[in-house]
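**Q** From TrEMBL, here are the annotated features:
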- ASP70: active site (ACT_SITE)
- CYS95, HIS97, GLU129, HIS155, HIS349: Mn(2+) binding site (BINDING)
- GLU129: active site, proton acceptor (ACT_SITE)
- 175-270: domain 'Peptidase M20 dimerisation' (DOMAIN)
Amino acid sequence: MLSDEKLIQIRRELHQIPEIGLEEFETQALLLKIIKSFPQDNLTIKTHDTGILVHVTGKKSDYTIAYRTDIDGLPVTEATGLPYASKHPGRMHACGHDIHMTVALGLLSSFASKQPEHNFLFIFQPAEENASGGKLLYESGALNEWLPDEIYGLHDNPQLPTGAIGCRLGTLFAGTCEIHITLHGKSGHAAYPHLANDMVVVGAELVTQLQTIVSRNVDPIEGGVVTLGHFEAGTTMNVIAGTAQIDGTIRALTQKMNLHIQKRVREIVAGLEVMYDCKADLDLHQGGYLPVENNPELTKNFIDFMTKQPNVNFIETQPAMTGEDFGFMLSKIKGTMFWLGVDSPYALHSDHLAPHEAAIGKGIAAIEPFLRYRDKQVGA
Ligand SMILES: CC(=O)N[C@@H](CCC[C@H](N)C(=O)O)C(=O)O
């Protein structure tokens with residue numbers, strides 16, 4: 001079993017080596033080193049790409065409960081000024097996956113030390129942020145040997161008090177879809193606009209039109225998000241830009257609404273091509289970022305357990321427009337995703353995000369008894 005001091009030391013080590021999805025080589029090596037330091041009697045360790053699967057053989061082998069953590073960082077330059085800040089330039093654990101991994105290690109160390117009744121599978125999953133690592137892992141067949149019957153996973157939440165557990169019945173997170181648009185017009189001299197086809201003007205028009213989708217085409221009671229986080233065009237003030245690049249993301253709480261917004265993006269882009277006699281390459285990419293739909297029975301069971309624990313601060317939360325490829329896992333394996341409060345004034349993905357480390361110990365103290373309870377419940 002790992003002490004609170006050891007857990008914090010591990011978290012800081014992981015925090016210093018953030019890596020982009022599918023490049024988590026140092027992270028994988030450090031995780032393996034730590035996992036191999038646990039009692040090995042009931043553990044089988046398998047790697048897949050930069051991910052790790054750890055199977056804990058239970059006393060009975062008729063049921064498998066999985067616990068998943070993501071392991072990747074973001075292309076963000078850390079600005080926390082912490083003594084244990086990222087050592088990797090332009091990379092940061094700005095979504096708290098270092099906290100997620102440490103909680104998973106704490107839970108695994110407990111199950112490695114005390115054999116559960118049933119099998120457990122700990123999934124250290126790459127590429128949650130950028131490449132639907134959960135979908136890749138599932139579709140590769142790597143889980144088949146130990147296919148879980150149910151699955152749990154958490155995300156840290158800067159808006160909840162440290163160590164609080166947040167959850168809700170129904171959809172927890174939105175489904176997302178990446179938008180990538182390249183506009184192709186004709187570059188030229190600033191003095192001769194009639195001889196060129198200006199993609200700054202078309203791009204600006206496109207941004208404005210795409211921003212009408214949520215206000216004009218989405219039921220306001222349901223809601224949705226279209227954010228265009230990247231717009232790049234042109235080189236200098238007196239050259240007309242022949243190309244523009246616009247990238248963004250769609251978020252909606254149902255897949256139906258997500259597909260509806262995707263359809264409107266396609267229609268608007270096609271209309272703009274005609275209107276401005278230009279060419280647009282549009283790539284809408286949803287991958288595994290389906291809405292995170294918690295299983296009703298398992299989630300009710302989880303919430304009932306957490307609300308009854310005197311030491312757990314359980315908070316019923318609203319759905320969030322963040323995305324998670326755990327949505328794909330939940331479309332294949334019944335389970336529950338929940339929040340762990342880390343109380344920070346900065347949002348997820350902020351270069352200042354500094355989760356409270358006390359959340360690690362509190363999280364493990366809440367989740368470990370739940371998993372033990374679930375392990376007993378399954379056999380009853
Ligand atoms: C928890 C979190 O921040 N997740 C990401 C994952 C979604 C990425 C996806 N590729 C997209 O933007 O569509 C998020 O941005 O919500």
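Easy rule for this one: first residue shown is 1, then count along the chain.
Placement of Cβ uses the backbone N, Cα and C atoms for every residue, glycine included.
Quick one: how deep are these features, and who are their neighbours?
**A** Take the CB of ASP70 (active site) and look out to 10 A: across all protein chains shown you find 29 other CB atoms.
A coil conformation is recorded for HIS349 (Mn(2+) binding site) in the three-state DSSP classification, outside any helix or strand. Cβ environment of HIS349 (Mn(2+) binding site): LEU74, VAL76, ALA94, CYS95 lie under 8 Å away, each six or more residues apart in the same chain.
According to DSSP, GLU129 (Mn(2+) binding site) sits in a coil region rather than a helix or strand. Long-range Cβ contacts of GLU129 (Mn(2+) binding site) within its own chain (separation 6+, distance under 8 Å): ILE20, GLY21, ASP70, ASP72, GLY73, LEU74, CYS95.
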**Q** Using a 10 Å radius around its CB, how many other CB atoms surround CYS95 (Mn(2+) binding site)?
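**A** Within a 10 Å radius of the Cβ of CYS95 (Mn(2+) binding site) lie 25 other Cβ atoms.
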**Q** In the domain 'Peptidase M20 dimerisation' (175-270), how many residues does DSSP put in helix, strand and coil?
**A** 37 helix, 35 strand, 24 coil
**Q** Under 6 Å from ligand 1 by C-beta, which of these recorded positions make it: ASP70, CYS95, HIS97? Sequence order, please.
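**A** Only CYS95 meet the Cβ criterion.
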**Q** So what pLDDT does the domain 'Peptidase M20 dimerisation' (175-270) average out to?
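**A** That region's mean pLDDT is 98.
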